């Protein structure tokens with residue numbers, strides 16, 4: 001059973017803090033092993049990648065077979081059923097349409113001093129996307145990472161996906177094809193991250209690496225950060241549902257379970273204004289846990305980290321939600337827009353009872369790579385912005401330098417940076433000659 | 001003397017790669033010490049901060065004197081000369097005007113399926129700005145960090161600045177006052193970063209920490225990342241000047257020296273289409289190095305990391321510049337706009353001979369916190385965007401769920417995430433009942 005809390009209890013604040021502070025992830029410390037793998041790939045390139053893939057994935061590659069050729073992909077995706085093909089295409093189209101609106105604008109203007117100022121956005125030249133193999137090999141994640149990169153205009157997008165024993169999920173390759181991915185490598189683990197960051201004889205280095213992975217992949221991403229850009233290191237998934245009593249308990253139970261089934265460390269929370277409804281949802285969860293395929297995982301997550309919190313009113317619900325800063329937030333209340341206005345920290349909000357969070361995982365349009373572990377307080381989900389960077393632009397005329405240069409001279413002097421000041425002085429002096 | 005390279009030399013590619021790969025920074029490994037300091041501040045709060053400040057800064061604080069009161073600030077800034085006051089205000093006004101244009105827009109639209117989609121930007125609730133003490137205590141950096149945060153709408157902005165022996169730079173406090181900083185603490189080092197991240201009895205925790213610092217501060221920022229957001233970890237400063245022969249060698253020499261004087265590890269590079277001009281600049285540098293106050297630092301930087309590269313034409317200059325991805329790039333050529341169009345990776349570009357880089361350090365308007373060490377390939381300078389985060393919004397109607405829900409069911413099934421699919425199925429089923 002999950003915990004049941006009520007804000008009117010004296011012990012509530014203590015209980016809520018314990019819930020907020022619960023450590024859900026206990027990553028093994030693999031940093032030492034990963035450091036060795038990265039050094040090996042830097043030193044020996046393809047040879048190291050091939051050896052490590054043979055060892056960890058029981059797959060013997062050569063530089064020639066390291067990537068899937070277009071013909072490989074054609075052959076493997078040929079058998080994907082039409083329904084899945086259409087669903088993936090619909091998802092891709094909607095994700096693309098949403099992300100195209102995120103493309104930032106260049107700006108340029110001339111100010112009163114005559115200075116022309118502005119900025120310009122450009123895509124990274126090459127990005128690498130890590131795709132997990134095995135159970136967590138989700139084609140939807142390929143779309144969610146690859147499409148923003150391509151919308152941003154990244155000219156070269158490479159995927160690495162481990163294929164233990166040579167087995168690959170055809171839908172992953174189809175998602176890559178639909179997204180316009182340029183290169184697909186049959187490698188994984190820290191060796192794949194190292195190959196993307198530093199390059200090998202076969203794989204050219206990239207500038208940015210995104211995508212989820214296990215502890216080895218996460219440690220490798222942390223280590224190559226600085227040499228290349230990385231996206232966030234995602235923790236276990238979370239959902240918070242705020243619901244009034246006017247909902248179907250089974251729907252809310254399924255929404256909670258759709259996070260819980262991801263991972264035993266996932267967290268599903270319900271905040272409700274109606275204590276009886278909260279109990280009804282918990283009962284509906286128990287019922288669903290009798291039959292769900294992933295009931296062992298979902299049940300463990302719900303038992304260890306689940307919670308049902310009864311609040312006095314929706315203002316209190318919003319205040320608690322803002323302290324939680326959830327990755328996913330469902331607002332199943334009569335006026336979800338009004339409640340939404342009170343939310344300051346959340347990765348993604350799903351408004352109203354017709355918007356189960358699962359829609360956002362696949363076909364809604366917004367990205368499903370979102371900040372976890374309360375990091376929505378200071379960070380955003382994956383977007384086109386992760387694949388572009390801004391260059392600021394300044395152009396002075398001699399008039400504008402005359403107008404604002406003297407202030408720069410004063411400040412340079414106050415900071416004891418003489419050459420800074422002189423670089424302005426020399427130019428201003430030429431005007432008086 | 002710096003190195004002189006020419007692209008027509010057979011050895012050029014090897015020499016250029018060596019220049020690109022030169023390791024300029026050798027940070028001491030203080031991670032172990034920093035881990036202990038952070039643990040101590042988490043455990044003992046104010047008491048630990050007070051002890052560490054006494055030990056490292058020779059300053060005895062109490063919880064009451066840990067921050068500068070508004071009266072302290074009034075008293076200390078009273079003696080700032082009018083010229084410096086005006087220069088700082090001019091800089092602040094220009095920086096604010098530039099950054100106000102960066103405020104991102106919320107979006108909301110309804111698509112063909114009837115789904116309402118969009119996103120919303122909100123500021124972080126609290127930000128902390130680390131300001132170094134001593135020599136590198138630059139008031140301009142206070143403006144560059146604090147103003148974007150306040151433009152973003154951050155309601156609570158705290159500064160920490162170490163005051164060894166109780167000494168503080170009055171201009172730092174004035175810059176904080178002008179920027180609208182809310183709290184100023186007399187602490188520094190890893191203990192200040194820990195206090196901002198985890199909070200103490202006196203200091204409330206923040207959600208984001210920005211600002212430059214020494215190896216201890218950098219290691220502490222890396223360690224608290226995840227608990228809070230951080231900005232980039234900046235390396236030594238760099239400038240690349242692309243100049244044709246029609247420039248005053250002394251101006252370009254001063255521009256190169258205005259980076260070199262920052263730090264012995266700074267790097268100043270000149271790319272020119274005119275070999276004789278390149279030699280003239282090198283001679284002008286030597287001349288300036290006879291008299292510059294910071295000639296020891298600037299001379300070491302120029303000798304160890306400086307370079308003059310002669311190219312065939314400006315296309316070649318642009319291609320090399322894009323491989324360097326410089327923090328600061330000056331385009332001192334007849335048509336800087338045309339050359340600018342060919343630049344894909346740079347933190348900030350300064351166009352034309354009337355725009356010395358020092359203008360950008362103080363009064364231009366754009367931010368002077370910029371990506372170093374080739375990270376302009378994948379990251380941007382500090383901006384309003386560092387203090388806001390995006391929440392994505394989705395609202396389905398029953399019509400839109402009918403239209404796109406079935407595709408989500410198919411994809412959920414293909415990923416073996418049964419509850420995901422059922423959360424859609426249960427809702428769609430109710431429509432048929």
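Here the Cβ of each residue, glycine as well, is placed from N, Cα and C on the backbone.
Owing to the predicted nature of the structure, the values given are computational and were not obtained by experimental measurement.
Residues A:259, A:262, A:420 are given by TrEMBL as Zn(2+) binders; from A:335, A:337, A:361, that same site also lists A:361. Substrate binding, as stated in TrEMBL, involves A:237, A:259, A:262, A:361, A:415, A:420; the candidate among A:99, A:328 given for that site is A:328. With respect to their backbone Cα atoms, residue A:327 (active site, proton acceptor) and residue A:237 (substrate binding site) stand 7 Å from each other. Comparing C-alpha positions, residue A:361 (substrate binding site) sits nearest to A:328 among the recorded positions A:130, A:191, A:214, A:328. Rounded to a whole value, the Cα-Cα separation of residue A:237 (substrate binding site) and residue A:191 (NAD(+) binding site) is 26 Å. Around the Cβ of residue A:420 (substrate binding site), 29 further Cβ atoms fall within 10 Å across all displayed protein chains. In this entry, A:420 stand out among the recorded positions A:191, A:214, A:237, A:327, A:420 as having a C-beta under 8 A from a C-beta of chain B. Residues A:130, A:191, A:214 make up the record's NAD(+) site, and a Cβ search at 8 Å around their centroid adds A:132, A:160, A:162, A:188, A:189, A:190, A:192, A:193, A:213, A:216, A:217, A:220 from the same chain. Its Cβ placed at the centre, residue A:130 (NAD(+) binding site) has 28 other Cβ atoms within 10 Å.
Checked against residue A:130 (NAD(+) binding site) by C-alpha proximity, the recorded positions A:259, A:262, A:328, A:420 yield A:262 as the nearest. DSSP assigns residue A:328 (active site, proton acceptor) to a strand segment in the three-state reduction.
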